[in-house]
Amino acid sequence: MVALLAETASYAVPVNIVFGFIAALMLYGAVRVVTTTNVVHAALWLVVVLAGMAGLFILLQAEFLAVTQVMVYIGAIVVLFLFGVMLTRTPGAEGVESNRKMIPFGIGTAVLLFVVMAYSLIDSFGGDQVRPTAGNPTQEISDAIFSTYLLPFELVSLLLLAALVGAIVLARKE
């Protein structure tokens, strides 16, 4: 359904409107991540940016990537980041003072990175178009994980379990 809406000739199709809203929200969240002085607030703005990325994956009909984005990045990485901040926070250090002398350097670096990335992407795909695949991509990924790559999947699961047990043992000693 989403792909059918995007194929119309008008630029004001619902998919483009939703994309614009999500992109604007992500840009605002990204600016707030780097401009806020409170680290916890920065992590929460990062959640907004990562949730927007999951929304863009849904617009691209990549539901598996959207769920993975939410589970891995929002559910694990940001929580780990907040956990580390809460454990290492020193009393009285509520915010970080901004260094106004570095703002022009940061803006210049951002513009330079944008120019380099835009230049590298222009005509990098030639005339290639994305063609939809037959079948359900999520089903294909799950079939590959639980048939062809079952042994590596289980080994990674055991490695993560060992890391979790090690973290619990280290936390109990303190």
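Note: Cβ is positioned from N, Cα and C throughout, glycine not excepted.
Annotation source TrEMBL lists transmembrane segment at 12-31 (among others).
The feature transmembrane segment is assigned by TrEMBL to 43-64 (among others). Only residues 6 or more beyond the boundaries of the transmembrane segment (43-64), in the same chain, are considered here, and those with a CB under 8 A from a CB of the stretch are 2-3, 15, 18-19, 22-23, 25-26, 28-30, 32-33, 36, 70, 73-74, 78, 81-82, 85, 137-138, 141.
Taken from TrEMBL, the feature transmembrane segment applies to 70-90 (among others). Residues of the same chain lying 6 or more positions beyond the ends of the transmembrane segment (70-90) and with a Cβ under 8 Å from any Cβ of it are 39-40, 43, 46-47, 50-51, 53-54.
Per TrEMBL, transmembrane segment is recorded for 102-122 (among others).
TrEMBL lists 149-171 (among others) with the feature transmembrane segment.
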